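J.: So Swiss-Prot lists the following for this protein:
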- Glu265, Gly293, Asp294, Phe295: S-adenosyl-L-methionine binding site (BINDING)
- His313: active site, proton acceptor (ACT_SITE)
- 413-433: region 'Disordered' (REGION)
Amino acid sequence: MENELEHLNWNIKHALLQLEGPLAQELDSCLEVSPGALSPSNSVYQKILDTVQVLDKLLVTLTPPHMTLVDGVFAFTNSKVLLCASEYALADHVQKLQPCSISQLAEATGLHEQGLFQIVRYLREMGYFSQDPKTGLLSNNRLSNLLRKDHWATWINWVDFFPREYYDLLSRLPDQLRSDQPKTATELFYNTDKPIYQYLAETGRAAGFHKVTGTGSVVEAPGLLADYPWEEVKSETVVDVGAGVGDFIRSYLEKFPDATAAAFELPSTAEILKQRFPDDDPLTSRIVSITGGDFFQDPIPESSVYLLRWILHNWGDEDCIKLLRRIRETMVIKPGVSRVLIIESVLFDGRLGRGARYADIRMLARCRNKERTLGEYRKLAEEAGWRLNRVVSPRGCLTQIMELRPVGACTGSPRANGNGNSAGGLEWESELM
């Protein structure tokens, strides 16, 4: 085993020298996902994900158990340190001062220098900020840039939200798990019997929730709009069922100047959505309708293309099947065109499935529901009159796009040149696994 480990160490160190040296610029280019910069090579990005997945498995295999346990026990420290970085706008100050010393940063932020040094040291070990090995001066890097309040992706909204209220909320998760406890951790934390989304609306917390979900829409839009073949539905009105406050619709219409869309949401959220698309907004004329209602009871707008983004994970299997059947019954059938696009975080093993596992516990605590595996989504689809035709894993996203086609209503058969149901093979443009 010693020889194998020596060989492994040599190869890893050699790869690091290349990736941090002559390949650094190319790597940065491949990892940058933004509205104005998206590498034309999706295949290289997927190879990077393959490598991350394998290295994570290697890390899990080699790490001594006590180190893994300690990491789990103190994982909350990561969230709280990131919260400090956000609270005091460290990345924003570094951006103005860079390169800067800890003393300069402490003076600019009004923070205790020793405490700031410890926070920055922790952040550096997480990968945030670059530090000159000779001078010790700090600069932003591709990771710390995500903490800037002026960054296009607004990730800072997540950093401000989840380590605060959600952190406190999860303290009630052990209570929820008792077999005699009918309430969720969220209901216990807020001391309410009302459904969570109703409670958020009635207590003025809905705006903060939509701000966070809106960030997810903004962050994922470049990859979602680049890596799925939207040209196949360019002549159709895409109905966003559960559209939130319209962040995805805005990105979609901005990306495709000839596209049209429609939104279906709860009445209170639909009103907010209408306010975000006033008459003088040039995109408003391409929004066919904004409808308020209950998608289990009220009529859903007719179309041949529907989008459900971060919707099914809120509901149990029976409700998911009911909703998918309602859409199937409402859908305008156009062979080769009609489809519903399910955008969710699919559960799978390894590092690349970690985001979905985080979300799975959030859904458990929020509404006693869950994220699902690809097999579970396939089963839901089949029971509701659909078939899973294609799965796409877009760049820069925490989600996958699952394309469902109505059974018996479209020509062709599911394509199958993917790389299997593994995260690394998630060039799942894969089309059917």
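Backbone N, Cα and C atoms are what each Cβ position is placed from, and that goes for glycine too.
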J.: Including all protein chains shown, what's the count of other C-beta atoms within 10 A of the C-beta of Asp294 (S-adenosyl-L-methionine binding site)?
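T.: There are 9 of them.
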J.: Determine, from DSSP, whether Asp294 (S-adenosyl-L-methionine binding site) sits in helix, strand or coil.
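T.: Once the DSSP labels are grouped into three classes, Asp294 (S-adenosyl-L-methionine binding site) ends up as coil.
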J.: Just going by other Cβ atoms within 10 Å, which of the recorded positions Glu265, Gly293, Phe295, His313 has the emptiest spot?
T.: Gly293
J.: Could you round the CA separation between Phe295 (S-adenosyl-L-methionine binding site) and His313 (active site, proton acceptor) to a whole angstrom and send it over?
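T.: Rounded to a whole number, the Cα-Cα distance is 15 Å.
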J.: Taking 8 Å from the centroid of the Cβ atoms of Glu265, Gly293, Asp294, Phe295 as the cut-off, which other residues in that chain fall inside it around the S-adenosyl-L-methionine site?
T.: Val241, Gly242, Phe264, Leu266, Pro267, Thr291, Gly292, Phe296, Gln297, Asp298, Ile300
J.: Helix, strand or coil at Glu265 (S-adenosyl-L-methionine binding site), per DSSP?
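T.: Note: Glu265 (S-adenosyl-L-methionine binding site) is in a strand by DSSP.
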J.: At the Cα level, what's the spacing in Å between Asp294 (S-adenosyl-L-methionine binding site) and His313 (active site, proton acceptor), rounded?
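T.: So the alpha carbons of Asp294 (S-adenosyl-L-methionine binding site) and His313 (active site, proton acceptor) sit roughly 17 Å from each other.
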J.: Let me make sure I understand the span of the S-adenosyl-L-methionine site: among Glu265, Gly293, Asp294, Phe295, what is the greatest distance between any two Cα atoms, in Å?
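T.: Farthest-apart Cα atoms in Glu265, Gly293, Asp294, Phe295 are separated by 8 Å.
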J.: Determine, from DSSP, whether His313 (active site, proton acceptor) sits in helix, strand or coil.
T.: helix
